[in-house]
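What Swiss-Prot says about this protein:
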type: DISULFID; residues: 34-97; note: disulfide bond
type: DISULFID; residues: 41-91; note: disulfide bond
type: DISULFID; residues: 42-77; note: disulfide bond
type: DISULFID; residues: 98-111; note: disulfide bond
type: CARBOHYD; residues: 54; note: N-linked glycosylation site
type: CARBOHYD; residues: 115; note: N-linked glycosylation site
type: SIGNAL; residues: 1-20; note: signal peptide
C-alpha cells in the first residue's frame, strides 16, 4: 500500500513540474508588450526615478546623463529570442522590453517590465 502511495505521489509531482515548466519561446503577449524594442532578461531592473547609487555611478562611467533617463534601466541583460537560440529563451530574473541596449547587456536603457501574468 505504501509503495502505491509513494508511486502515485511521485507521478503527481513530476506531472506538476512538467505543467509548471516555462515554454521554449516568449509568448505573443510578450511581443505585443514590446513594440519597437527587444525582450531582455535582466538580473535587475530599476525605475528611472529611483536609481540606486551604484547604478547612477555606473551610468556616469558610461557617459550617460542620469537626468536624461525617463524609462527604466536594466542591468546585466541578455536577449531573449523567439527561436530559442543565441541568448536563450527562458528568464529566471526580470523580463523587460528595452529600446537601447548598446552596452553589450551591461546596461539596457529605455526598459519597461513585461507583465506575463495577463
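Yeah, the Cβs are placed from backbone N, Cα and C, and that goes for glycine too.
A map of Swiss-Prot features onto the structure.
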| residue | record | DSSP class |
| --- | --- | --- |
| 34 | disulfide bond | coil |
| 41 | disulfide bond | strand |
| 54 | N-linked glycosylation site | helix |
| 77 | disulfide bond | strand |
| 91 | disulfide bond | coil |
| 97 | disulfide bond | strand |
| 111 | disulfide bond | strand |
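Cα to Cα, residue 91 (disulfide bond) and residue 42 (disulfide bond) are separated by 8 Å. Annotation for the disulfide-bonded residues 34, 41, 97: lowest Cβ count within 10 Å of the residue's own Cβ, 34. Closest in space to residue 77 (disulfide bond), of the recorded positions given as 41, 54, 97, 98, 115, is 41, taking the CA atom of each residue.
Residue 41 (disulfide bond) sits 9 Å from residue 97 (disulfide bond), taking the C-alpha atoms as the reference points. The two recorded residues residue 42 (disulfide bond) and residue 54 (N-linked glycosylation site) have their Cα atoms spaced 16 Å from each other. On a Cα basis, residue 98 (disulfide bond) lies 8 Å away from residue 34 (disulfide bond).
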